[in-house]
Amino acid sequence: MSLTDLLSPSDIAAALRDCQAPDSFSPKKFFQISGMSKKSSSQLKEIFRILDNDQSGFIEEDELKYFLQRFECGARVLTTSETKTFLAAADHDGDGKIGAEGIDYFKYR
């Protein structure tokens, strides 16, 4: 399964266009524009599984900086500030990584 099986390619493209400039990425806005905020918890868990590059069950800071590139290989890398802000918002237990429930968090924010 790929992200385009769950999200519209045009919505993904619009979300990536919205955050092209460095330090313009907002997880909440990205989730809204891409259509992720409208997905069920089970669909978000499938998206999370696709985004979890090493299939560890978590998205660590090193993986998170390449978040946009999981949607499109030519997309930019998140800045250090964006990565840390995203991690802080979704890391509920403070262990330095995001579990599937962290992604689900943005649906309700």
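Glycine is treated like the rest: Cβ placed from N, Cα and C.
Per TrEMBL, these features apply:
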BINDING   Asp52, Asp54, Ser56, Phe58, Glu63  Ca(2+) 1 binding site
BINDING   Asp91, Asp93, Asp95, Lys97  Ca(2+) 2 binding site
DOMAIN    39-74  domain 'EF-hand'
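Rounded to a whole number, the C-alpha distance linking Glu63 (Ca(2+) 1 binding site) with Asp93 (Ca(2+) 2 binding site) is 18 angstrom. Cβ neighbours of Asp93 (Ca(2+) 2 binding site) (same chain, under 8 Å, six or more residues apart in sequence): Gly99. Within its own chain, Phe58 (Ca(2+) 1 binding site) has Asp52, Lys97, Ile98, Gly99 as residues 6 or more apart in sequence whose C-beta sits under 8 angstroms from its own. The domain 'EF-hand' (39-74): residue composition by secondary structure is 18 helix, 2 strand, 16 coil, according to DSSP. Taken as a whole, the domain 'EF-hand' (39-74) shows an average pLDDT of 92 in this prediction. Sequence-distant contacts of Asp95 (Ca(2+) 2 binding site), defined as residues of its own chain at least six apart whose C-beta falls under 8 angstroms from its C-beta, are absent. Neighbouring residues of the recorded Ca(2+) 2 site, listed in sequence order and excluding Asp91, Asp93, Asp95, Lys97, comprise Phe58, His92, Gly94, Gly96, Ile98, Gly99, Gly102 (Cβ within 8 Å of the Cβ centroid). Ser56 (Ca(2+) 1 binding site) and Asp91 (Ca(2+) 2 binding site) have their C-alpha atoms 15 Å apart, to the nearest angstrom. Here the CA atom of Asp54 (Ca(2+) 1 binding site) lies 18 Å from the CA atom of Asp91 (Ca(2+) 2 binding site). Those same-chain residues not listed among Asp52, Asp54, Ser56, Phe58, Glu63 yet with C-beta within 8 angstroms of the centroid of the Ca(2+) 1 site C-beta atoms are Asn53, Gln55, Gly57, Ile59, Glu60, Lys97.
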